[in-house]
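K.L.:
To start, I am sharing the structure in question, which I have written as structure tokens.
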Amino acid sequence: MKSVATSSLDDVDKDSVPLGSSINGTAQAETPLENVIDVESVRSHFPVLGGETAAFNNASGTVVLKEAIESTSNFMYSFPFPPGVDAKSMEAITAYTGNKGKVAAFINALPDEITFGQSTTCLFRLLGLSLKPMLNNDCEIVCSTLCHEAAASAWIHLSRELGITIKWWSPTTTPNSPDDPVLTTDSLKPLLSPKTRLVTCNHVSNVVGTIHPIREIADVVHTIPGCMLIVDGVACVPHRPVDVKELDVDFYCFSWYKLFGPHLGTLYASRKAQDRYMTSINHYFVSSSSLDGKLALGMPSFELQLMCSPIVSYLQDTVGWDRIVRQETVLVTILLEYLLSKPSVYRVFGRRNSDPSQRVAIVTFEVVGRSSGDVAMRVNTRNRFRITSGICLAPRPTWDVLKPKSSDGLVRVSFVHYNTVEEVRAFCSELDEIVTRDT
């Protein structure tokens, strides 16, 4: 599977990329900024979207797919729990096994290379417990300062417990783009040493939406014997297909509540990483031959996990990644063109273009001289749009990297494919009214 997040957009129709975007730095011909998807058809899959408020807080959590809800309802109505060995129980087990295989294939993994958990935060903590026996105070961990706290806290905890040195990997900026932080291998290489055992970063920044060059990072990390790359994919998977084999990561984690599903996480661990580095934290009598056997503590939530298979089918077959990428690129283009047209009013963070090889549909900014929290509150209380403000559960990227002037952080607007051109244009008008007329 070709990963749009790491490729040259071979899977995207380049003639359909909208005005204001570029592919590999080359400007494209102007095309109308219109919806790429059939809005009514897509929204028929999301019952919650029938209200008057447009969800522009999707990086915090998306609405749930109808077919996923129905899958859970059907399972709980139809199957016994816990399952036994009778025909009905075996039918339930077959459904569960098929779901797990489909989820694994979604990221080009094998079924014994994935496990489910409560959240990405929880799964990284469990992974830390599993890796703990092969770490000591002579090791070093490299952690990106662009990490969401979920991708940092497990390793900070381990470093404190074991006396491990943490080296902070700062993003690169330029004098011409001081508000556009990007992770590069050039800034990573000086931090690596023969003692480095873990490098952790996110695939996409949940704060500014920038796509990081994970395969390039993996190639550098793996020049150090015994060094592993741990990637937080939460902000990537709603927007791009992911191929963990192509990325050559050791561990990759994401959350389904950001992907039109339940509050559930999935962790990938390569077979090589499992065999070389991981210790089972499960009951002594549970086989540790799979990732489930090593990390899946207690009885799994079958009813929630079965929500994932319909989501995979919807993304890959009903809508398709090509249209998802194109729709979101149009939406980002409209918002960025508005924000960047008023440089004295808005300070925009991250990529200043909508090139889908460089960013996803997360746009962060602050209003000059205004409280970000106040701006977001004024938008939200009008009940037409739902946006977020603050630190996005990422204090280091917010305060240490971006350094907003507002004492209460940033304003974040995040789209997915079910958002529309009409909504974004209306949002720009409403935001303009709020920042220019409201006091």
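Quick reminder: no glycine exception, Cβ is built from N, Cα and C everywhere.
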K.L.:
Between 1-25, 26-50, 376-400, I'd like to know which one Swiss-Prot lists as region 'Disordered'.
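P.N.:
Matching range for region 'Disordered': 1-25.
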K.L.:
Taking the Cα atoms as reference points, how far is Lys258 (N6-(pyridoxal phosphate)lysine) from Thr120 (pyridoxal 5'-phosphate binding site) in Å?
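P.N.:
Answer for this pair: 11 Å between alpha carbons.
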K.L.:
Which whole number of Å gives the largest C-alpha distance between any two of Thr120, Thr121, Asn206, Ser255, Trp256, Tyr257, the residues noted as binding pyridoxal 5'-phosphate?
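P.N.:
Pairwise Cα check on Thr120, Thr121, Asn206, Ser255, Trp256, Tyr257 gives a maximum of 15 Å.
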K.L.:
Within 10 Å of its Cβ, which one of these binding-site residues (Trp256, Tyr257) has the largest number of other Cβ atoms?
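P.N.:
Ranked by Cβ atoms within 10 Å, first place goes to Trp256.
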K.L.:
Provide the number of Cβ atoms within 10 Å of the Cβ of Thr120 (pyridoxal 5'-phosphate binding site), excluding the reference atom itself.
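P.N.:
Here the count is 25.
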K.L.:
Which three-state DSSP class does Trp256 (pyridoxal 5'-phosphate binding site) fall into?
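P.N.:
In three-state terms, Trp256 (pyridoxal 5'-phosphate binding site) counts as helix.
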K.L.:
Other than Thr120, Thr121, Asn206, Ser255, Trp256, Tyr257, which residues of the same chain sit close to pyridoxal 5'-phosphate? List them in sequence order, counting a residue when its Cβ is within 8 Å of the Cβ centroid of the site.
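P.N.:
These residues sit around the pyridoxal 5'-phosphate site: Ser119, Ala150, Val234, Cys253, Phe254, Lys258, His263, Gly265.
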K.L.:
Looking at the binding-site residues Thr121, Asn206, Ser255, which one has the fewest other Cβ atoms within 10 Å of its own Cβ?
P.N.:
Thr121
